[in-house]
Amino acid sequence: MVALSRSCLVSAQAMEQVESTIFAGGLPVEALMEKAGLRLVQAIERDFALSRYSRIGVLVGPGHNGGDALVVARELLLAGRTVFAYCPRTPAKPLTASHLRYFQSLGGSVSEGEALDGQADLWIDGLFGFGLTRPVTSPYAQIIDRINASGEPIAAIDLPSGLSSDGAVLGTAIRARRTYCLGLWKRGLWQDAALPYLGSAERLDLGIRDSQIQMPIAEHLLLPEMARSYLPLSRPPLAYKYSVGTVLAIAGSHQYSGAPLLVALGARAGGPGMLYLAVPESLPQRLSPELPEAIFYPCPEAANGTIADLPLDLGKFDAVVCGPGLGKIDPKLVERVVGETKGALLLDADALNVLADGLLAALTSRRAPTVLTPHAGEFKRLFGDIDLGDRLTAASEAARRSGAWIVLKGARSVVASPEGSVWVNTGGSSALARGGSGDVLSGLAGALLAQSHNETQKAMLAAVWWHAAAGEWLAGQHTVLGVDPRTLALGLLPFLVAS
Ligand SMILES: NC(=O)C1=CN([C@@H]2O[C@H](COP(=O)(O)OP(=O)(O)OC[C@H]3O[C@@H](n4cnc5c(N)ncnc54)[C@H](O)[C@@H]3O)[C@@H](O)[C@H]2O)[C@H](O)CC1
Ligand SMILES: [K+]
């Protein structure tokens, strides 16, 4: 079991509740700040070769984020570093004001309004943490912009100042090289919009016990060890091909004739007992040399090169994947797939476009699990009124509304269950920003769904993690330019074996 404190994503409100519980338990706020400050110094010393920096500037804001920064400034001063505090306004919080006085009493220099340019070659950002609630204005906005423009490295405390704890940029925000999140992950750090500001992010453990997290937590990180444990890597000794997952992919058209191969190669990596492909009838001849194990359903073709009919029993598969490369398919066929599939159903790509045109409501009458895997563009077409500014909430709302699992693809893909749980994938690579990567995911997810006995959570979390982590691993070998979808599909198993 992964400790809740490692995986949970909290709002400012939830973090405040945890703090209150800690303080009510007897730990003084001063002690918690001291602990946070000391952990920060350790991490900064580890990550930045401090002897290389001739002058370290510490930005001090009005609240306790500024207090943390002053603990760091004090310890760096005591360690003999050349450090100064930049504190443009008198601190609002007494504890921060007290740390400022003490820093000065030790001979620490404090500047309030002089020019910032060239003053430091390393900045520590303690302007705002999770207490930032409104857009950043003067003088803080100018400070943030000038420090960003200086190009000097910045280490952000808790959050890059200007980023709200929900991940919105409130006017302007620090572009950090490293972000040290204190205690529990603030949920905003895992929104895609936050990525350009974080640099690399780390959570510093402050010894928060799971029992101190008393608010219900719906949002979690998808940690690799958790995802890996969900892979169906052991089979019963009497397993046979029909007991370890039958999966059908409905994919392809003349225009997208390669999509079925990518789906099938993704599915193959997931090890289904049987793999079936329903494709336009001219494709099997070309595909079968590459997929000798697949069983084909050649389907009649419409004049536009799409599948015109599905001459098969859709009810007999453990999982059906429908969508990649279908092109402008007749909506009635997708309607049939939704109505007649008895196993798990994953809808992607062109099938999502059909749903957007009025079929979404039909999903709620399905009895087996349904999964939708939109990227942001498909999501907007499907759920036009849901604001994508907060991707975690958006995915959750879409799942609740549709009764389907939602995989909102992106730099950090979000998985949401219809019951309200949300997971954000921790890995991924821009190498996967490439046509066809999603087809591989659909196939892989279909194969795992087919083996999941309706444990959709396990199948989807394993598939989303595996796909992204393999992409990251392959980018390390081939650069971000070298992970074409076939390389990705063929690298899924080597990644698993090697890691
Ligand atoms: N949770 C922990 O484990 C610990 C957290 N610490 C640090 O404390 C901050 C949160 O502190 P808080 O004082 O609540 O908030 P901030 O420092 O983020 O600043 C809020 C401060 O600023 C004012 N304010 C808000 N918005 C603006 C604005 N746009 N312009 C100007 N002023 C603004 C607001 O009124 C407050 O006065 C957390 O992030 C951690 O860094 C503890 O020190 C250690 C443990
Ligand atoms: K900060």
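From the backbone N, Cα and C atoms, a Cβ is placed for every residue, glycine too.
Taken from TrEMBL, the feature domain 'YjeF N-terminal' covers 15-214. What TrEMBL lists as (6S)-NADPHX binding site is 64-68, 129-135, Tyr140, Asp158, Ala259, Gly325, His375, Asp439. The feature K(+) binding site is assigned by TrEMBL to Asn65, Asp125, Ser161. The domain 'YjeF C-terminal' feature in TrEMBL is assigned to 223-499. The AMP binding site annotation in TrEMBL covers Lys409, Gly410, Ala411, Arg412, Ser413, Gly438.
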Original post:
Should we count any of the binding-site residues His64, Asn65, Asp125, Phe130, Thr133, Ser413 as near ligand 2, judged by a CB under 6 A from one of its atoms, and which?
Top reply: Asn65, Asp125
Original post:
Taking the binding-site residues Asp125, Gly410, Ala411, Arg412, which residues show a Cβ-atom distance to ligand 1 below 6 Å?
Top reply: none
Subject >> binding-site residues compared (Gly325, Gly438) - the one with the fewest other Cβ atoms within 10 Å >> reply: Gly438
**OP:** Might you list, by sequence position, any residue in that chain lying six or more from Asp125 (K(+) binding site) with a Cβ less than 8 Å away from its Cβ?
**Re:** Leu59, Ala69, Ile147, Ile154, Ala155, Ala156, Ile157, Pro160, Ser161, Ile174, Ala176
Original post:
Between the binding-site residues Asn65, Lys409, Gly410, Ala411, Gly438, which lies closest to Gly325 ((6S)-NADPHX binding site), Cα to Cα?
Top reply: Gly438
Original post:
Tell me which residues of the chain lie with their Cβ under 8 angstroms from that of Phe130 ((6S)-NADPHX binding site), as long as they are six or more apart in sequence?
Top reply: Ala12, Met15, Glu16, Asn65, Asp158, Leu159, Ser165, Lys186
Original post:
Record lists Lys409, Gly410, Ala411, Arg412, Ser413, Gly438 as binding AMP; longest Cα-Cα distance in Å?
Top reply: 14
**OP:** Would you count the other C-beta atoms found within 10 angstroms of the C-beta of Tyr140 ((6S)-NADPHX binding site) for me?
**Re:** 22
Original post:
Given the binding-site residues Gly67, Gly410, and counting only Cβ atoms in the protein chains shown, which has the most within 10 Å of its Cβ?
Top reply: Gly67
**OP:** Average the per-residue pLDDT over the domain 'YjeF C-terminal' (223-499) and send me the rounded value.
**Re:** 96
**OP:** Could you tally the C-beta atoms, other than its own, that fall within 10 angstroms of the C-beta of Ala411 (AMP binding site)?
**Re:** 17
Original post:
For AMP, what surrounds Lys409, Gly410, Ala411, Arg412, Ser413, Gly438 with a Cβ no more than 8 Å from their Cβ centroid?
Top reply: Asp192, His375, Leu408, Val414, Asn425, Gly428, Leu432, Ala468
Original post:
Any idea what the Cα distance is from Ala411 (AMP binding site) over to Thr133 ((6S)-NADPHX binding site), rounded to a whole Å?
Top reply: 26
Original post:
Given the binding-site residues His64, Gly67, Thr133, which lie within 10 A of Ser413 (AMP binding site) by CA-CA distance?
Top reply: none
**OP:** Fill in the CA-CA distance, Tyr140 ((6S)-NADPHX binding site) to Arg412 (AMP binding site), as an integer in Å.
**Re:** 30
**OP:** Take the C-alpha atoms of Lys409 (AMP binding site) and His64 ((6S)-NADPHX binding site) and report the distance between them in angstrom, rounded.
**Re:** 35
